[in-house]
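The feature substrate binding site is assigned by Swiss-Prot to Arg27, Gln28, Ala29, Gly30, Arg31, Phe46, Asp76, Tyr152, Ser207, His320, with sequence analysis given as support. Annotation source Swiss-Prot lists site 'Transition state stabilizer' at Asp76, citing sequence analysis.
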Amino acid sequence: MVRTINETFLKACRGERTDYVPAWYMRQAGRSQPEYRKIKEKYSLFEITHNPELCAYVTKLPVDQYNVDAAILYKDIMSPLPAIGVDVEIKSGIGPVIDNPIRSLQDVEKLGEINPEDDVPYILDTIRLLTTEMLDVPLIGFSGAPFTLASYMIEGGPSRNYHNTKAFMYAEPKAWFALMDKLADMVITYLKAQINAGAKAVQIFDSWVGTVNVADYRVFIKPAMERIFAEVRKMGVPMIMHGVGAAHLVNEWHDLPLDVVGLDWRLPIEEARARGVHKAVQGNMDPSFLLAPWSVIEEHVKGILDQGMKQPGYIFNLGHGVFPEVNPDTLKRLTTFIHEYSKGQLAK
């Protein structure tokens, strides 16, 4: 069954004019929601993501509660890695921990390939369930970017400085580029499968790429990103790029064959556009503001919207994920304000 969906988010991704600014929030599904916390008392992240009905419920929850204009699939960026031979465990309070970190070209050569229908059928089944029976807004599929995935695979888990990752990149370029190629292949196959299952847009998260300078990005990372976006672009859905602490890289992203440049709060929207970012833009509220009084939030959001609405192709989002401490009522109120304020301004 083909469902009719609200396409405001997709229109903004394509740089088209919209009646109001669409909004969704990174990590909108999860830790700040009482319903989610009750589910987590019974089920682990692994159990939720491997149960299509439960995962679909968690994914749809913020759409119903906050009236956001897009859903993003509830899963972890590490989800596809076990399929290629990476032993990943998500440890509470730590994050992803990998027992077999990459240390050599031989380690890279041992990595396999992903077959999504066989390796992650539960993810594709969740997408099909959401897009055929549950959602009235577009579903965003996603993947981690090769650099961020590689950083976990080399460090063995989260890192504050990524010294091992960058040392490997500099000292073992042959192994590094082999790893980038392997991960690019995986990301391409993984995203295409999500789109074929029903995702209407995809976002690539490069959470830790801000640790790399522009020159190194161009040499060691950008070629893989160019290949990913060029291949996935053939699927005909909008593609979004997002990283954290990476304001120095936005022009590099703008050069990629993508549709939307995601910004965090460190770079004002008007400054990004002044630097030459003329594609659609997504962002860029500091999630810390969500813990402030409403009067403070409202004035801050007005400023972001006034910058974003100066040209078509703007999607409101946070610069990073929702904190567990955020009151869900604040997010609901925020979405209503974004819609109403932007509708009034755009109608002038």
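Keep in mind that glycine also has a Cβ here, set from the backbone N, Cα and C atoms.
Keep in mind the model is a prediction, meaning the values are calculated, not measured.
Positions of Swiss-Prot features highlighted on the structure.
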residue: Arg27; record: substrate binding site; contacts (Cβ under 8 Å, 6+ apart): Gly321, Val322
residue: Ala29; record: substrate binding site; contacts (Cβ under 8 Å, 6+ apart): Tyr36, Val58, Thr59, Leu61, Pro62, Ala71, Ile72, Tyr74
residue: Arg31; record: substrate binding site; contacts (Cβ under 8 Å, 6+ apart): Arg37, Val322, Phe323, Pro324
residue: Asp76; record: substrate binding site; contacts (Cβ under 8 Å, 6+ apart): Leu45, Thr49, Ile90, Pro96
residue: Ser207; record: substrate binding site; contacts (Cβ under 8 Å, 6+ apart): Ile77, Gly144, Thr148, Gly243, Val244
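Comment: substrate site residues Arg27, Gln28, Ala29, Gly30, Arg31, Phe46, Asp76, Tyr152, Ser207, His320; largest CA to CA distance 24 Å, whole number. Under DSSP, Ser207 (substrate binding site) is assigned to coil, being neither helix nor strand in the three-state scheme.
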